[in-house]
Amino acid sequence: MQIEWHSVLLPWHFENAKQLLHQIENHTNIPSDQLSLLCCFFLSYPLAFFQSQIPSIPIKHYVNVFIGITMAQFVYNIAWLHSLFTSIVTYYILKWLPIRYSCIVAFLFNMEYLAFLHIFRMTNDYNGWKMDCTTSQMIIVIKLTSFAINFYDGQVKTTTKTDENDSLQLSRMKTIWKALAITELPSLMEFLGYIFCFTTFFAGPCFEYRIYSDAVRGSQFIYYGKRVSVSLLRPALRKCAIGIFFMVLVAAFGSYSDLSAAFHQELSFGMRMIRVVVALFITRCKYYCAWKLAEGATILTGAGFEGFASDGTVIGFDGVDNIDIIGFETAQNFRGLARSWNKGTQMWLERYVYSRTNTLFLTYLCSAVWHGFYPGYYIFFLSLPLVTTINRRVRRHIRPLFVDNEECLTLKKRIYDYVGVVCTLCTINYLAVSFVILSWEESLRSYQSLYFYGHIAIAFTYFISMLFPSQSKAKQL
């Protein structure tokens, strides 16, 4: 008799639960893998509350690991072993290798392993959207690499030492590095508790090890030496309600998220644009749902608490906020978009890639590799430096013609702001087509169907900005 060793070693298959999910899928047309993910999100709320009530810190770490692995087994079967393998390898890289090499080796190892998983997924499920361990591994790569660099900062003090020649931005960044530095390697179980924290394992939010450590110990609730009781239930349920709202939207209008349906030849250009905007909004709603549900459960663990003001009042509970929905949907420029979308990833790129290399191209390249190797990602990300350059030129050359004083909300400034929102929305909805469609041929066919209006508008804006001198130089003259 042939022995299935994976069944012996990992006997949890949740067959009854998965059969029930398949039955629900048949009635709702919601894929069973997404239903299993939703189950984990909602189960995280009572489990997070239970975890927060455990008095023993070591037991909290064990609970995080056990629940995180159990949920991963439920969603991914044994594929979560990739996450365990990379976590243990990273831990011992930091423990055994010389400190001057360890963080670089850990960073490259995790990025290469993630690249391998992306390639494996592409070869087995090209253009597919089925949940697999690669999704969680993307979150874990952020945790592992940021942990490695923070540990390096804790051992090599010169990296966080400010210098009088540092720019204001770099000086602020070094202050953040110093606050997040890890001076001592934690135990393996504490490390795995951070990596497998069940409220963040599937969709983030990504946050630093120091935040996790403070949440487990409850040290963020200490004000002037006294522990203050703070109610976490209301802000957690508020996030949950937002997540449920977008879940209902997706359930009701999910059929409109099919982006390929927007490019039928019989549709007029105006109707195509409307279908693209609606399809991409419903697609974003899926992210809004997952992120807000995860944020709410994470708040119950204490990780989202922002601390106390000088008068003892609570600052807020957005410490692990991963998405500013209103900020993204009404952004006036691409900088506002980037600051509002997937904040954990943006923060990781800023703190550990851009501020360390000071190279925008490497930052976008790292972001593209992190997302995967579909051509659509590279069409999208390689367009961003050009859009960023144009944003800067418009701000220097054209914006001063409309905005004389930042504090005065004049009619000209309102017009400029409204036009900025519309242009930003049209541009991101155009560029994001390749991000969702993924393949090279379909992306080009889709852009052709839209008459390449986005690329034409980008080039036109660039040439228009050349007609106006920089207002700062004009004032000097």
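Residue numbers in this text run from 1 along the chain shown.
Cβ atoms are placed via backbone N, Cα and C, with glycine included.
As given in TrEMBL:
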{"type": "TRANSMEM", "residues": "35-54", "note": "transmembrane segment"}
{"type": "TRANSMEM", "residues": "74-94", "note": "transmembrane segment"}
{"type": "TRANSMEM", "residues": "101-120", "note": "transmembrane segment"}
{"type": "TRANSMEM", "residues": "236-256", "note": "transmembrane segment"}
{"type": "TRANSMEM", "residues": "376-394", "note": "transmembrane segment"}
{"type": "TRANSMEM", "residues": "415-438", "note": "transmembrane segment"}
{"type": "TRANSMEM", "residues": "450-468", "note": "transmembrane segment"}
For the transmembrane segment (450-468), distant same-chain residues with Cβ under 8 A (at least six beyond the ends):
269, 272-273, 276, 383, 386-387, 389-390, 393-394, 397-398, 401, 423, 426-427, 430-431, 433
With the transmembrane segment (236-256) as the reference, which stretch in 35-54, 101-120, 376-394 has the largest tally of C-beta pairs below 8 Å?
35-54
Report, as numbers and ranges, every residue of the chain located at least six residues beyond the transmembrane segment (376-394) whose Cβ falls under 8 Å of a Cβ in that stretch; write 'none' if there are none.
333-335, 360-361, 364-365, 367-368, 427, 431-432, 434-440, 442-443, 458, 461-462, 465
